[in-house]
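Contents: one structure, followed by commentary.
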Amino acid sequence: MEEEQLRYSRRLRHTLRRRYEDDGISDDEIEGKRTFDLEEKLRSSKYNSNFITYMEGKDFNMKFIQEGGLRDPIIFTKSEGLGIKMPDPNFSVNDVKMFVGSRRVVDVMDVGTQKGIEMTMAQWAKYYETPEEEREKLYNVISLEFSHTKLENLVQRPTTVDQIDWVDNIWPRHLKDRQTESTNVIQEMQYPKVQKYCLMSVRGCYTDFHVDFGGTSVWYHILRGGKVFWLIPPTDQNLELYENWLLSGKQGDVFLGDRVTECQRIELKQGYTFVIPSGWIHAVYTPQDTLVFGGNFLHSFNIPMQLRIYSIEDRTRVPTKFRYPFYYEMCWYVLERYVYCMMRRSHLTKEFQRESLSIDLELNGRQRPDTPSSSSSSSSSGLSSSSDNDDSSDQDWEEEEGLRKRERDRCRVERELQRKRNRDRQQRDQERDRHGRTERIIIHTLPASLRPLTPPPSLPLPTPDSPPSTSPFLTWFEVEGLRCLVLKLESLPPLKKCLPDGIHDPEALIFDIKRLLEDHAHDPPELALTGVPIIQWPKRSQYKVHLRPKIQFTKPHTMRPASRHSTAPPRTSGTPSGTTASSGARRRRVRCRKCQACVQRECGTCHYCKDMKKFGGPGRMKQSCVLRQCLAPRLPHSVTCALCGEVDQTNDTQDFERKLMECSVCNEIVHPGCLEMDGEGLLSDELPNYWECPKCYEGQKHTVEANHDRILLHSKRKAADNYESSHYYPAKVLRPPLGQSPPSPPLLLLPPSPSSAPPTPPSAQTQVPLASREERAKRRQLAREKENHPTGCDQSEGDRLRLRGPYLTVTLQRPPKELSSTSIVPKLQAITPNPRQPIRAAPLHQDEEREEEEEEEEEEEETENVMLGQRKDSTSMQKDVWLSVFHYLTHEELCICMRVCKAWYKWGCDKRLWSRIDVSRCKSLVPQALSGIIKRQPIYLDLSWTNVSKKQLIWLINRLPGLKDLILAGCTWSAVSALASCSCPLLRTLDLRWTVGIKDTQIRDLLTPASDKSGHDSRSKLRLLTDLRLSGLDISDVTLRLIIRHCPLLSKLDLSHCPLLSDQSVNLLTAVGSSTRGTLTHIHLAGCKGVTDESLLYLRRATNLSLIDLHGCKQVTRGACEEFISDLSVSTLYCLSDDKLIQRIS
């Protein structure tokens, strides 16, 4: 009986720990089966209220929404007139898998526990096709969002839903266009991606009462099968009951439909379309296998209910994963869109105006009627103002947009007239004094420079007698909703306002929306029922800006070369070909299909092959095998000559002049015979049809010769100056352009003395990064020129060209400098392999200015070389010095240092600095964290109390061959089971304390040799364990026998709080022939209720014990411990602490 109680208590503890580790406890994670009879709820006749409205599709339009605000559920038995588009009724789950991808991960709900798990579409399709009698559990998919997949084109929502959905009409549309990720990963989401869902349920699935996230409304089409709904209206009393029901945690015991006064059960059949308004509480049952398409949407005609549902989600702590994304950001954009569409004033940033509204004032150089600076005035004077300076381009554009402008002007005049009538009627009835109405209108009038452009003379100005057009009046639902929305956003604390990036000035936006609500507080309802939505995006074709210069993008393998008449102008003789822009992009070459690499098969082992789908990979790299990379790729057949426009007319055995050749410098492809110039080219052996054309080759030769002459002249001048002044300093030569080597080695100029030392060869000179030395040379040259020309006299043209041109002065030798051996900070001097010796004695007379310049230059070079690691000859020693410094930093400080530069980042990832990595108690291990662990190759890895999965752990251990110590305390067996594979490294420490779900069977799987690969090592992967921690596990003597057999080197064993262990367990560990008898040095038996004084008699056999932990063992007395110490005092001295901790002294 006591053993059964222990097992029951352990089971409770496991359940509590699993719920504690989950990220929040929601209504989707409540464990335990329901206690009410669902079959009785399906047969009961008390759910007979009547809330449903049956309609035809043609009646569900914008005018219907404006009249009723979409408050009641609607059923359409036929889809005609709705504007929806659906696949054929025989569309199956396998078809869904084909369109969204078999690897797509979907959230699956366990109907029995109402807890969510994850499956791939391939796994779900296999489960769905399994016969009903073979299904062990009931699973339900209710959240497969398939926008931006191939399935998206097969499903179209009702037309009216498209007209009122905030995502389509409110959210900046350029953000939606940027969405590329098909899944609902919040990090990659550019807009609220909740518009199209696929729901797949098997017979018997049940989803408990809930309200759709964020108070969204739902459209729902039954493609196959059927559904049963229980509907509860969103009254104040019902919503309060629903909130208390969620917080009670008794969803499995209470059927919410029995607690409310009114509830309706309705059955939906195949082909039905169902619309659930905002806030309606509903439960769903699936009487047969069903495939449903639907979606969620927010709209402007029930904003108060949407806000209330979102507040309920706040109070019930619904996890972010199950909530409407970007909710408050969407609310801000709602206010902005209403202000823009009603007042023609935009509060978006310039970028958002350009991308979503197609407004680009900076490029056009003029105002557009729909820009933020357009007037929102409704007075007729604002319409009659015009500018006399409108050019012809403005009039052309206005003629193009005349119809739309005329309609907008008529709406403005009609609205003004209606407001005047309202004011007169209200004054006559003496209900309210509207004297301030005119003042508000005057406030809205903008300066003449910001008013709309006057229509062209061909378009008459709107008059009061003009026929009425679509009225921009607001319905009562919109006015009340916007007022609630403003109050909600103003009441939010600053950190929860969630102001989006596209809003420029939120205070001005709030001010304008309040004025808008004041102006439209008494709009006549009959004029607001127009059947036309107020919030609409302007058509991009009408507002497309053509003034930005177009940039031509060309693909190298598809680009046709320019014709002969459109070739680039010839280069000047003074400009080398290597410094000019290439005449065209280099063409992408194709396989020759003749070499050995092209004809052989894939190896199947390289990283490219492993990525291929035919070898089981994801197919993302889209690269060919490493062994199949062509050795001589040829030009594609589509390439033509840039001069004559003809293709290659020859093969390898015919005339060379008709063979297409590609230049390695300018990338131009021509026939050699088409070049009308005399000269010689340079053939290349690297690729077929590859050469250096005569234009580039001849130009390069002339450039080299010119450079050579200039260097000689410059050297002669320097030598003459040296001889006259008897000064000794290194010569400065002009560096040729990048990619060209100097024609002759640099010479060290010495004064004519018979005792002077021979010049040092170039290989002995200290190499300096060219870019940094060029910059310093420029700075010094400019400083000297300022000193030489204090009155601002002009420099010579040659000096200016020398500073700006491609030829820059570079010092090839530096004077020696004493090294400091006591420097602590690692600098260049400390890491140079051999100290630099002076080439010759120092000169007797040296210019002081030159000495200061060289010292400053040397210090700058040393600092740059040390920080950026630019000295190749001392890189390894430099790294070792910095690593010795990095060893004193914590991991947090080291991560900060890694942001300094690329060299520090590379050195900071050295595995010697990361031998121990501790990520314990991290809420989530993202892929970037796992990649960082792999990059650092730790020896000790602590993953305790994390939610690491089996897949993640397998990925880690496969890439950490040097891992020795692994800490998995507090994890689950599903993750720890990854160690049972043959790829597990040879660990020396394994910590499995308080791991959920581990018993004797699981320990056997870990310790026995892996059998997942045939012919593998028959020994256990944990045979080198020296430290094993099994505290808090339900293990017995079976586990101890496995440890004795498979862990011969075990020295530390932690068996604390294992309730099934007894004195016989200790006897096994110290029995004759047991490997642990001679290897154990530390044994922990704290909290083991079955251990008594008899265990100490068995522990005397272990000759190497240094620590015995018995605290919490109630059946072990202190007297027995003292007796144990006294009996062993002859050979070994022990001491006893107050907590029954026996430690070895000598």
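Every residue, even glycine, has its Cβ placed from backbone N, Cα and C.
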Same Zn(2+) 2 site per Swiss-Prot - residue from Cys592, Cys595, Cys625 joining Cys603, Cys606, Cys609: Cys625
Fe cation site partner of His210, Asp212 (as recorded in Swiss-Prot), chosen from His148, His174, His221, His282: His282
Per Swiss-Prot record, range annotated zinc finger [choices 68-114, 585-631, 1008-1054, 1055-1101]: 585-631
Rounded mean pLDDT for the residues that make up the domain 'F-box' (874-919): 86
Distant-in-sequence neighbours of the repeat 'LRR 1' (945-966), which means Cβ under 8 A and at least six residues beyond its ends: 21, 23, 911, 919-925, 930, 933-934, 937-939, 974-979, 981, 983-991, 1027
DSSP helix/strand/coil residue counts for the domain 'F-box' (874-919): 30 helix, 3 strand, 13 coil
Per-state residue totals over the repeat 'LRR 1' (945-966) - DSSP helix, strand, coil: 8 helix, 2 strand, 12 coil
